[in-house]
């Protein structure tokens, strides 16, 4: 029970969540490393998904590869950073190539839509990492990245569908925008947790990248509790 409570109750407060000031040097450096590693992982994940869409590479081998890569990540020393980053990218590619099998079976979602849902968040992470190399102000980083990535995605959509946009295309674009907005909003909250934890020691950026999805329920529940004033 203590482990479950610790998972859903984080140490940061509402003031930490709403903090839009300048980052400290150590926290800033830690966050940039997490963003860069996350971009590599998201790029690999999306590449795997596109590979399955084009060449149908997903199967038993990619599922086994993803499981083996994740297991190796937990057993290899944190000091072997390059090896762990390569394993993370391998796991992400294999999961990306395999996820289409499950989305097709359980949700009857075609692989093209899966790729369209993954591409904008990957682009968003790349933009937020690039923006983090220029500013330490949280508000400028978060709002600027969201604005520029949304503008780029909208422009790309209009350019690729300039002749005719039917209801099906518009509905698909709406799904993409909703997934993108929710993901980027979660990335902002997760970034605030990383900046908070950076005050108390070193940040293992590979583990933080790997746990961004594993910690999602706990972080969202804690953030909702703080915002509701509980």
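Placed from the backbone N, Cα and C atoms, the Cβ positions cover glycine too.
Looking at 34-55, 144-165, the range tied to transmembrane segment in TrEMBL is 34-55. Looking at 191-209, 210-228, the range tied to transmembrane segment in TrEMBL is 210-228.
Long-range contacts of the transmembrane segment (114-134) within the same chain, counting only residues at least 6 positions beyond its ends with a Cβ under 8 Å from a Cβ of the stretch, are 28, 31-32, 35-36, 38-39, 42-43, 45-46, 49-50, 53, 96, 99-100, 103, 140-142, 144-146, 148-149, 152-153, 172, 175-177, 179-180, 183-184, 187. Tertiary neighbourhood of the transmembrane segment (210-228): same-chain residues 7-10, 12-14, 17, 38, 41, 70, 73, 88, 186-187, 189-190, 193, selected by CB-CB distance under 8 Å and a gap of 6+ residues from either end.
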